[in-house]
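Read the structure below first, then the notes.
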Number of protein chains: 2
Amino acid sequence: MAKPTPLSGFPEFLPAQRYVETTVLDTLATVFELHGFANIETRAVEPMDQLLRKGDTSKEVYVLRRLQEEDGGKDKGLGLHFDLTVPFARYVLENAGKLEFPFRRYQIQKVWRGERPQDGRYREFAQADIDIVGAGELPVHHDLEIARVMLDALGRIAHPDVLGLPGFRLQVNNRKLIQGFYAGLGIDDLDETMRLIDKLDKLPADAVRTQLVESGLSEEQADRCLELATICTPDTSFVDKVRGLGVEHPLLDEGLAELADVVAGCAALVTDRVRIEADLKIARGLDYYTGTVFETRLDGHESLGSICSGGRYDSLASDGRTTYPGVGISLGVSRLLVPLLNRGELVADRSVPSVVLVALTDEAGRADSDTLATQLRSSGVPCEVAPSPQKFGKQIRYAERRGIPYVLFSTEDGPQIKDIRSGEQVAVDPATWTPPPADLKPRITVSTSTTNQMETEK
Amino acid sequence: MAKPTPLSGFPEFLPAQRYVETTVLDTLATVFELHGFANIETRAVEPMDQLLRKGDTSKEVYVLRRLQEEDGGKDKGLGLHFDLTVPFARYVLENAGKLEFPFRRYQIQKVWRGERPQDGRYREFAQADIDIVGAGELPVHHDLEIARVMLDALGRIAHPDVLGLPGFRLQVNNRKLIQGFYAGLGIDDLDETMRLIDKLDKLPADAVRTQLVESGLSEEQADRCLELATICTPDTSFVDKVRGLGVEHPLLDEGLAELADVVAGCAALVTDRVRIEADLKIARGLDYYTGTVFETRLDGHESLGSICSGGRYDSLASDGRTTYPGVGISLGVSRLLVPLLNRGELVADRSVPSVVLVALTDEAGRADSDTLATQLRSSGVPCEVAPSPQKFGKQIRYAERRGIPYVLFSTEDGPQIKDIRSGEQVAVDPATWTPPPADLKPRITVSTSTTNQMETEK
């Protein structure tokens, strides 16, 4: 077999890179559970008619076929899920009688999209979603809850004890606010206006203004819409700024109140690593949100786009009798990590979990070395035994190449452990010895270039 | 949307069931890492030519196609992996220059097979694989290492602190032993004989004997093969029993020595929950093993078949210049858990991670309840705030329905916590209170029927 080459759009990690990813996933799971979110997984496939309900994603679906299947086989209608929202809505309906509402769940899984792989777009990628769904109703305080849980999670990921990333900025807006404002201006096609304003991320304001006018808005209406979109505050001061634009509408009032509640309720969670802001240009394009909307930027890495997005759906799912409103947010784990890992900006210093290499004097001593290893493991110290009784210098280099910090030797005076970084060697009892806490797991470091970049942009 | 129905062959869990699964997966990961195994994940798809290299599995592969793809699109050659060995072999070749050998990895992922769903066969299921792979050579002591690691892992899963399962029996054999024995008997078609002996699991010995004779063996040869297959010992006493059959061959000697090393080396790990036995009828059918082979039974649940299988490949992968021998074993996580969970024989007593429900006096007090919840979380106590300020009796029933054991109330005398099982209520400081360790996580119980069944069969 010739050496295989990577498949474009299907990122894979080396062991040390994967360690960084599992650290992020474990941190997320811990925080989500602290907030009472239960984990579920859904199958990778959904019926095609479910996947195609939102017309505009249809081109991205991977359809499945069994190799030996005859035409018209009943598996023909299955495709790989392209997000975790469609499967979750189906899961809620399927299990509604067995779930307790409001139902909080987190779900961390791969999803697949047959997109052209480019610019941080992948064909297979991992997402971490949290959602709260109600049966019939879901009070708006759950929008704040979702924001708080994700801020807590992002804050822990960014913390120097985990990744030490520069900082996350959670941007919040509210569809009712936008739509109420447009309606108060007398604009008819609210969706089209919102779609054009959403282009401010990619186009200059002048170009968007031209398109707004072309879509039928007056110059006055277009200018007001653009003014609204420039409002961005780290606190509830956006309310007065919007009021200052002189537009009035009941839906605008409702949106302002909801957004003010979310921003004010998150104030206590703001640190130098996570911030929240009311950013009134955030609209989430064509997605079917009906209230709060979220996007998130990583400081110094704005080119990654929004790495964590979501919002409120008044109807996440419905079975005709009951409607299930939901609010959620989805962290693009691959979108965040793949570029940083591939560029070497995030690095773990060990390719194996082992903290200790147990040296081997000769092959006859392997059982003794195994016993020492078992003793280390009994106190929770990951370790491995040298594969062959090479000269000790070679065994030490074996450890060095993997980033293993300690080597345990059997000596005439009993077991001794050497820190191969300092060269210090001391007698130990393998049944009770533990390393300093910082050595127990691989160390993750952020490259200086990333940190500097961040400092410059601050 | 009408109520969706489950897809046959694609098992999904309710939150409390999923908790049991994640507990097993976390336990496996912990043990594997204690033994120095690094985690990796491979993409879900492989090129079809890789997936079809082993002819007999071709019928089970799910082929992918992008919905909007023109005929002859280049994605056409992709299918979902049906195990974790083919992707791992490809990963080793692709990254050989960046990996350190011997390379120990564990991999826990879903795999897909388009099989007819029946009798514990699924179309999507989770596997947990450990493998050790060498570049050029891999000493046989790694076969023992794989057995020890999996025994350690199974022992922890079966332990009452985790699942409390009856017990696992790791059955080991060696292809060299079987093939050397057959060769020593003068049998020509070793593979066919092995394939027929492998049917002893499903057919009575008489029927297998008939088929052996029909395949060209003499009655004497057939009897000896069946005698070999009846040998099953919990220690190395199988060696003398095989010797007693009077067959001699150098390959037989090699196989006996290798198998004796594995069985003897595992003796220290045997407990009442995990046992090892040399079972000379285990052959692993058509798989391409070249030495040690493993199967595993769960006591009292023999109908599940082997829930953990593997062995030694002299050539896991090869790029023409270097051959990569490997030894590994794969635990069928879904095969083990889906039947036990679906029959209700394994149950978790909580559908949410929350240990505490923070009660709510009125909606105006929500921020105060949020603050109490934040204090609890700061000491690692998962909790949630009541969704609405119902009467306290209703809030307690909300907790009961989810299995949440404690409710925290704000009273005039400060915060008080009620154990809703005993009714006991005491004043606490939410910033320092932690529950008894046994309450911190949901409790998993094995149903009495399972335990009784096990006791009877012991």
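The backbone N, Cα and C atoms fix where each Cβ goes, and this holds for glycine too.
Other Cβ atoms within 10 Å of the Cβ of A:Thr85 (L-histidine binding site), summed over all protein chains shown, number 24. In the three-state DSSP assignment, the secondary structure recorded for A:Thr85 (L-histidine binding site) is helix. Here TrEMBL flags A:Asp83, A:Leu84, A:Thr85, A:Arg113, A:Gln127, A:Asp131, A:Arg284, A:Tyr288, A:Tyr289 as L-histidine binding site.
Annotation source TrEMBL lists compositional bias 'Polar residues' at A:445-458.
The domain 'Aminoacyl-transfer RNA synthetases class-II family profile' annotation in TrEMBL covers A:102-353.
Annotation comment: TrEMBL describes A:425-458 as region 'Disordered'.
Taking a C-beta cut-off of under 8 Å and a sequence gap of six or more, A:Gln127 (L-histidine binding site) has these contacts in its own chain: A:Asp83, A:Leu84, A:Ile108, A:Gln109, A:Lys110, A:Val111, A:Ser330, A:Leu331, A:Gly332, A:Val333, A:Ser334. Taken residue by residue with DSSP, A:Gln127 (L-histidine binding site) is part of a strand. Each residue in the domain 'Aminoacyl-transfer RNA synthetases class-II family profile' (A:102-353) has a pLDDT score, and their mean in this model is 95.
Largest Cα to Cα distance within the recorded L-histidine binders A:Asp83, A:Leu84, A:Thr85, A:Arg113, A:Gln127, A:Asp131, A:Arg284, A:Tyr288, A:Tyr289: about 22 Å as a whole number.
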